[in-house]
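Peer 1: OK, TrEMBL features for this one:
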- A:24-49: transmembrane segment (TRANSMEM)
- A:61-83: transmembrane segment (TRANSMEM)
- A:104-132: transmembrane segment (TRANSMEM)
- A:138-158: transmembrane segment (TRANSMEM)
- A:165-182: transmembrane segment (TRANSMEM)
- A:206-227: transmembrane segment (TRANSMEM)
- A:277-295: transmembrane segment (TRANSMEM)
- A:301-318: transmembrane segment (TRANSMEM)
- A:350-370: transmembrane segment (TRANSMEM)
- A:376-399: transmembrane segment (TRANSMEM)
- A:420-440: transmembrane segment (TRANSMEM)
- A:446-467: transmembrane segment (TRANSMEM)
């Protein structure tokens, strides 16, 4: 049967993917990440009861549980919308074979159902449900699956329908924000009402039947859309290219050759999925401080704050620069046969990244409202990162010899990664913390912060020397890299 | 006439296999040099060695008497297009050409004038297309790549299989374009192709590669096409 064939192909694709089968290190890292996140989620599930009692002391525990669930699934639509793969691409492989279009669409849609998004909520919520003595436990469990399935098809539909514009994402965000707002001012409490309804449903399981409408409707709309657009040109998402931002760049006129490379870098970052995602994520990391700085245990140990400050201000630099040259893999041959020097190329990258992270640092100065000291923490951490970590990452990137497909998303994408990326994290992130700790031992913490800034300034002023040295190394490595980038 | 390319004892080995083994090869200034041979004969390997993309196991190639792997002066006078790895595919054709111009220190005001001779080959529509190169058809990619390799007037032009993927009229246009370019600028042009007719029409000299060795070195005459066809119908 077609459906099972497609499921089989999905498994084969996953297990035979080149990155997985070739690279043991990545397998291990993935396994580690999986175990790590699972244990986090499962333990969260065990403590969920206590947490809920803390947040909603007045509500019955089950109602607050359902409130969380509704919020979770609202967030899940967003997550799915931004991260999920669409099966449309896979559709093309089968479209020429003699299957009935209806059964093909059905099979493609159905076989796309089970993915990682199903796993994590079950990890959180299952231990919670089994801690409590409830009737109809299995019904709650089924509801979770139903909600996930509904979200799956709904996100799929939205993604196909609105793939060409970022508006759908923004509208989704606005709707979510609106619901949270309406809940909080208690005029139209949408979520609590749903939660109460679901609580009642635990006693009368028939009420759960209503929730079935959601996945069925969502499936129908995505089925109809896909059935009516089952042509190669309509099913794949074609983005219109005319973004004014990247077409009208004028760095070239202002800064000459390096400016021209900055234009190229800007277009590289903004026109490719792989590079665009970390850019958005860097905005999310701006909020990382909210978790970190509001936790009192950390403020005792300032060396951890070094880590946080670098993370908030300069994460993008590291995420982006560690893949230097791999991101350029599809035109590396152009770079090495034209009069473009590696050191100028790195200088262009440096200027652009420094400007962007500088902007993030300015935004992050808002943390000064929490603690005025955070303002200078962030500034010094930023200068330190630009002066030392950026050249270090450029150095590590000379080891890159794996290609990266710019068209694929960055999340859960291990393409282009090798062991050295993981090894590089240790000195780069632990280094500044240790340095800070050592300096603060012999002097004060303030002096340690200032020293980090000073080291950064020295690094920034010497950067062209570093870039030249790294460029020389690249001249020797370029043959291996060029060959490596052509292998899959 | 002076030689623009000098290659001596070029050998490229992959394990036990010898991909390329050339005792001596020179290309003169202003020569249109054709490289023919079946798949695996070593054509692309030779071009890649010439452009310093791969390192020969032994020997040295020089452009204008400067070894390509020790001095990068050659990059300023050499235009090349081997495959799609030479294109920056998230740029539009015009952005790409402007980028190439910038790398070669061409004033951006001179670009329209420099592109004038290529308008017929590229086509106005492609030249001003707002599509990114990655969304173009293979033939159009080749056109962008070839134009990018030569519009800034290099003294040496290296093209690998330029006729493949092009439609018949573009093939003829390209042939004329290369001839005119050679006459006007006196640049040396290196072309590899499976299309024997195009090679004989275009090139003043044809070298046949077979399993990495130079099998024949022919000065093109009226009999050349027949000679080549006989050679390949046996091999």
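Just so it is clear, glycine is given a Cβ too, placed from its N, Cα and C backbone atoms.
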Peer 1: Between the transmembrane segment (A:24-49) and the transmembrane segment (A:206-227), do 3 or more CB pairs sit under 8 angstroms, pairs being 6 or more residues apart?
Peer 2: no
Peer 1: Taking 3+ C-beta pairs under 8 angstroms (sequence gap of 6 or more) as contact, is the transmembrane segment (A:376-399) in contact with the transmembrane segment (A:301-318)?
Peer 2: yes
Peer 1: Do any residues of this chain, six or more beyond the ends of the transmembrane segment (A:350-370), have a C-beta under 8 angstroms from a C-beta of it, and if so which?
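Peer 2: Non-local partners: 255, 258, 262, 265-266, 269, 282-283, 286, 289, 293-294, 312-314, 316-317, 320-321, 378-379, 382, 385-386, 390, 463, 467.
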Peer 1: Counting only residues 6 or more past its boundaries, what in the same chain has a CB within less than 8 Å of a CB in the transmembrane segment (A:24-49)?
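Peer 2: Cβ under 8 Å, 6 or more out: 61, 65, 68, 120, 123-128, 131-132, 414, 417-419, 422.
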Peer 1: Determine which residues of the chain contact the transmembrane segment (A:277-295) at the Cβ level, with the cut-off under 8 Å and only residues 6 or more beyond its ends counted.
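Peer 2: For the transmembrane segment (A:277-295), the far contacts come to 269-270, 305, 308, 311-312, 315-316, 319-320, 360, 363-364, 367, 370-371, 374, 409-411.
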Peer 1: Which bits of the chain, at least 6 residues beyond where the transmembrane segment (A:61-83) starts or stops, bring a Cβ under 8 A of a Cβ in it?
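Peer 2: Contacts with the transmembrane segment (A:61-83): 48-49, 52-53, 55, 117, 121, 125, 128, 132, 134, 144, 147-148, 151-152, 154-155, 158-159, 168-169, 172-173, 176, 179-180, 191-192, 194-196, 198-199, 202, 409, 411-412.
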Peer 1: When you scan the chain for residues with a C-beta under 8 Å from the transmembrane segment (A:446-467), skipping those not six or more beyond its ends, what do you find?
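Peer 2: Contacts of the transmembrane segment (A:446-467) (Cβ under 8 Å, skipping residues fewer than 6 from its ends): 302, 306, 342-343, 346-347, 350, 376-377, 379-388, 390-391, 394-395, 432, 435-437, 439-440.
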Peer 1: Could you tell me what the rest of the chain brings near the transmembrane segment (A:420-440), counting residues at least six beyond its ends with Cβ under 8 Å?
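Peer 2: Distal contacts: 25, 29, 302-304, 306-307, 310, 318, 322, 381, 384, 388-389, 392-393, 396, 399, 447-449, 451-452, 455.
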Peer 1: Grab the same-chain neighbours of the transmembrane segment (A:165-182) for me: Cβ-Cβ under 8 Å, and only residues 6 or more beyond its ends, written as numbers and ranges.
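Peer 2: For the transmembrane segment (A:165-182), the far contacts come to 71, 74-75, 77-78, 81-82, 158, 188-191.
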